[in-house]
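> Got a structure here, written out as structure tokens. Questions coming.
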């Protein structure tokens, strides 16, 4: 059973937990899954074991606290210390896959925008390969950083979830809003600051869309073959 | 970590190895067996960090298999290295068990 199957089975089985136990368990689940550098397979196998155990204990009238203790975070930290890390090769393959996907998406979106804009005005199709590569690296780094920050935030809030209160909701909204502004702001800033340099090519809307689709198809094939996202 | 809890963990690990040697078990089964032997104070969840540690050290191996009751479970079995570790543990345990018992009962030195 690979990690993806385990996640699906976990979603199904979790429904059998009562509300109290489900709350307790789901906090642990979020906390452990947000540790992106741990082996996904091992983490999911462990989460399934804990769930099976809790379900069995629930049948005997026990609560999650009776099994995992009153300090769920301390318990999870102990588990995390013992869980093996994801293989470096898998992490690099996944990041590389994301980078190529992002590249294809960028090409597609700018292509579509240009295609529409061409109807109304004259569009400059020039792409400076030097500038485009630097921008891509910066944008990708910003996205990775944002993901890392969001995960850290999820980890921190896993065991004191206040998203049901009004104040909690406002805080959550402001947090997401701020993160989005930061990411978009960095994109715009980079676009303005990086000078135009490098080899010049002309790439119109249609060309970009076709190229973007082609890259997507290639990543799709590679992913199927090497099971990068399992 | 305190010496006391380290000692308990070491003993518990030895017991887990001994149980797994007899037959491969899954997590819940293991905790039931420990309790049936009378280790009631061991909180059920505490076996999972230990199982992970024993796996990491290569003493046991976990495998997802169909269980008699239906769903797939992760069954643990002892590796060769685990077998050796268990023998070491038994030898160490035997070497301290008698002296400790004597001391605790207030007996005389030989």
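Yeah, the Cβs are placed from backbone N, Cα and C, and that goes for glycine too.
Just so you know, TrEMBL annotations are computer predictions that nobody has curated.
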> Under TrEMBL, which of the candidate ranges A:62-79, A:206-223 is annotated transmembrane segment?
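Residues A:206-223 are the ones TrEMBL records as transmembrane segment.
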> Transmembrane segment per TrEMBL sits at which of A:22-44, A:91-113?
A:91-113
> Among the recorded stretches A:133-154, A:174-194, A:206-223, which has the greatest number of Cβ pairs closer than 8 Å to the transmembrane segment (A:91-113)?
A:206-223
